[in-house]
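The domain 'Myotubularin phosphatase' feature in TrEMBL is assigned to 1-109. The feature substrate binding site is assigned by TrEMBL to Asn23, Ile24. The active site, phosphocysteine intermediate annotation in TrEMBL covers Cys109.
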Amino acid sequence: MGGGSESSSNYFQSEIVFFGIDNIHAMRESFARFRDYLDTHGAASSDGMSSFLRHGGWTWGGGNLSSMSASVSTLGDSGWLIHVQSVLAGSAWIAARVALESAAVLVHC
């Protein structure tokens, strides 16, 4: 009922911090574009894992730089890496609060 966020009045001495992470619908759409990218650029093996994931992405040493640049642009178009960056940045902030301040945290969604 609160539009997807908690009320700080429900928690003694609390603050609400948003990390700029998009909603689940945007994340799901971006992830679908990311999977489409992997389906297009990675050959699946017998275990179902794409060659892209098995080899950690592009072959940095001795790889074709021009095709790698084109791939990076296409992968970037999915928006998935921005979502991952936002989640990791938020996670680092939370971990620092817990480690340095012994803070208690509640992660919503």
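FYI, residue positions are counted from 1 along the chain as it appears here.
Placement of Cβ uses the backbone N, Cα and C atoms for every residue, glycine included.
A straight line from the CA of Ile24 (substrate binding site) to the CA of Cys109 (active site, phosphocysteine intermediate) spans 9 Å. When Cβ atoms from all protein chains are considered, those within 10 Å of Asn23 (substrate binding site) total 9, not counting its own. Using a 10 Å Cβ-Cβ cutoff, Cys109 (active site, phosphocysteine intermediate) registers 8 neighbours. Separation of the C-alpha atoms of Cys109 (active site, phosphocysteine intermediate) and Asn23 (substrate binding site): 9 Å, rounded to the nearest whole number. Around Ile24 (substrate binding site), a 10 Å sphere centred on its CB holds 10 further CB atoms from the protein chains shown.
The average pLDDT for the domain 'Myotubularin phosphatase' (1-109) in the predicted structure is 75.
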